Ligand SMILES: O=C[C@H](O)COP(=O)(O)O
């Protein structure tokens, strides 16, 4: 049986300046112990302006917390005002980068083609993409949520070789459950996460599908994380709001105790 180490990632979104980021990571580092890191991989996805500060802290104190960015340019460099490239993130020793978050798709018109180009840019520079997928409320109400989400998975991974796809992290985030306090039921989340694993098996192989970590995201808190993590195809959480509270995020990391 394949064992997948759960990945608990805090997506800070556009919160915490670089000083607040240092204080926040210090609190996490103080609270988390080796036994936590043995059981769970812990990561923070910080705003670009925080990454150097987070890197300095993590390197300096040899912290086991991983970190990454919330977006990446599809381009390696050049005249793309405001963008941040893969080489820049790699230089900051980022491990992860979120790609195709619904807020990027919604507010920045990111299509599956753009998301696919960003996933490829991440791999090109040694970063692990967290490919975010999930349906809007009207799609769920119409009963098309599985089909919609699987199309995003396929679009995001288009033309990727198995050697790359085997390390991808997929975050299933139903848009209607993000920041709303409305959690997708654990059974409903499991239904889609199982379908995503099935899609990976179809695109690549069952062996590869069994190795890929699939997270759930959308109003995850210490009070609901255990139920979500009990589902066989859910291997972690992408946590927004609750990751800004260090005590709450530590409880989420320790989901087995909740
Ligand atoms: O990336 C994280 C998700 O958008 C979830 O955000 P949330 O936990 O605030 O609902």
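Every residue, even glycine, has its Cβ placed from backbone N, Cα and C.
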Record says 11, 12, 13, 179, 240, 241 bind substrate. Source is TrEMBL. Which of 167, 219, 222 does it list for that same site?
219
Separation of alpha carbons, residue 101 (active site, electrophile) and residue 13 (substrate binding site) (Å)
10
Neighbours of 11, 12, 13, 179, 219, 240, 241 excl. site residues, C-beta within 8 Å of centre, substrate
178, 239, 242, 243, 244
Residue, out of the binding-site residues 11, 13, 179, 240, whose Cβ gathers the largest set of other Cβ atoms within 10 Å:
11
State the count of C-beta atoms found within 10 angstroms of the C-beta of residue 101 (active site, electrophile), not counting that atom itself.
28
Taking residue 173 (active site, proton acceptor) as the reference, which of 101, 179, 240 (the recorded positions) have a CA within 10 A of its CA?
101
Cβ atoms within 10 Å, counted per site: which of 173, 241 has the most, among these recorded positions?
173
